[in-house]
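To keep things clear, I will list the structure first and then write my remarks on it.
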Amino acid sequence: MPELPEVETIRAFLDERVRGKAITAVEIGLPRLIKNTTADRFAAALTGQTLEGVERRGKYLFVRCRGPWSFLVHLRMTGSLLYEEKPGQYAGRAIHLIFTLSEGRLLYRDIRTLGCLWLVPSEGATGVKGYDNLGPDAISPDFTTERLYDLLKGCHRPVKMLLLDQTKVAGLGNIYVDEALFRAGIRPMRHSDTVTQKEAARLHEAIVAVLQEGLEHGGTTIRNFISSNGKEGQNQENLRVYGREGTPCTVCGTTIEYTKLNGRGTHYCPKCQS
């Protein structure tokens, strides 16, 4: 699933290319991707609107229009938004929605078709529970060491599960949580309320660092992620534990282990993390 760095990479690329352009037509090839209205109403409400920009909160993209209606996107496992300068540039690549613009086209691509789009008011609450209830974004000034420590002390869940809870902190997923916990030296299954203030500071620093690395390398492509320019991310070359089960730890040489934690695949070093 695209996480904060992947979604932010898409947002940054799209924002400068679609801002100020008008939506002249909307074609919906898979109506079930629209979650809170009909495909016809979705298309009618957005046709003729001028795009004001593309915003991100957590793993959601908010495509803001100047009129009363905008739309919200969650990419789920394999979704992406592509900007097409020339028609046919991305032909045959699992394209399910096409927004024809006054210049170029915005395409929604999704191999597994698990993504979601919502028609939402341009201002105020969206009515989309997952979006409206998001915690602070993991790279926002609101997500401080102190806030993280308070979250950890107030919860008895495994620390990994707390970090994956989007109502606590928004944008983190399996890849970057495993990587941050490794760098902080904390086992994913450890109870959150046992993490010390010093460890929380290390964890906060590690979260910021792994997300920044992901951003600098255009995201992480494990299977299907491509950015809005059709290119894969390069951050997979920097992963130290995720997807490396059975290989030596880059720090101590111990074999990286894999387990399921509340159904989520989890990678860690049994020696470096306690």
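Glycine too: its Cβ is placed from the backbone N, Cα and C atoms.
Computed from a predicted structure; not experimentally measured.
Annotation source TrEMBL lists domain 'Formamidopyrimidine-DNA glycosylase catalytic' at 2-115. TrEMBL lists P2 with the feature active site, schiff-base intermediate with DNA. According to TrEMBL, the feature active site, proton donor maps to E3, K59, R264. If you look up TrEMBL, you'll see R112 marked as DNA binding site. Residues or ranges marked as domain 'FPG-type' by TrEMBL: 240-274.
Overlay of TrEMBL annotations on the structure.
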residue: P2; record: active site, schiff-base intermediate with DNA; DSSP (3 states): coil
residue: K59; record: active site, proton donor; DSSP (3 states): coil
residue: R112; record: DNA binding site; DSSP (3 states): coil
residue: R264; record: active site, proton donor; DSSP (3 states): strand
For the recorded positions K59, R112, R264, which one has its C-beta crowded by the most other C-beta atoms within 10 angstroms?
K59
Using a Cβ cut-off of under 8 Å, list the residues of the same chain at least 6 residues beyond the domain 'FPG-type' (240-274) that approach it.
158, 160-161, 164, 174-175, 178-179, 181-183, 185-190, 222
E3 (active site, proton donor): which of the recorded positions K59, R112, R264 is the nearest Cα neighbour?
K59
What recorded positions among K59, R112, R264 are found with a C-alpha within 10 angstroms of that of P2 (active site, schiff-base intermediate with DNA)?
K59
Just how many other Cβ atoms lie inside 10 Å of the Cβ on E3 (active site, proton donor)?
24
Secondary structure tally of the domain 'FPG-type' (240-274) (DSSP, helix then strand then coil):
0 helix, 12 strand, 23 coil
Quick one: pull the CA-CA distance for R264 (active site, proton donor) versus K59 (active site, proton donor), whole Å only.
18
Mean pLDDT for the domain 'FPG-type' (240-274), rounded to an integer?
97
In whole Å, how far is R112 (DNA binding site) from K59 (active site, proton donor) when you measure between their Cα atoms?
17
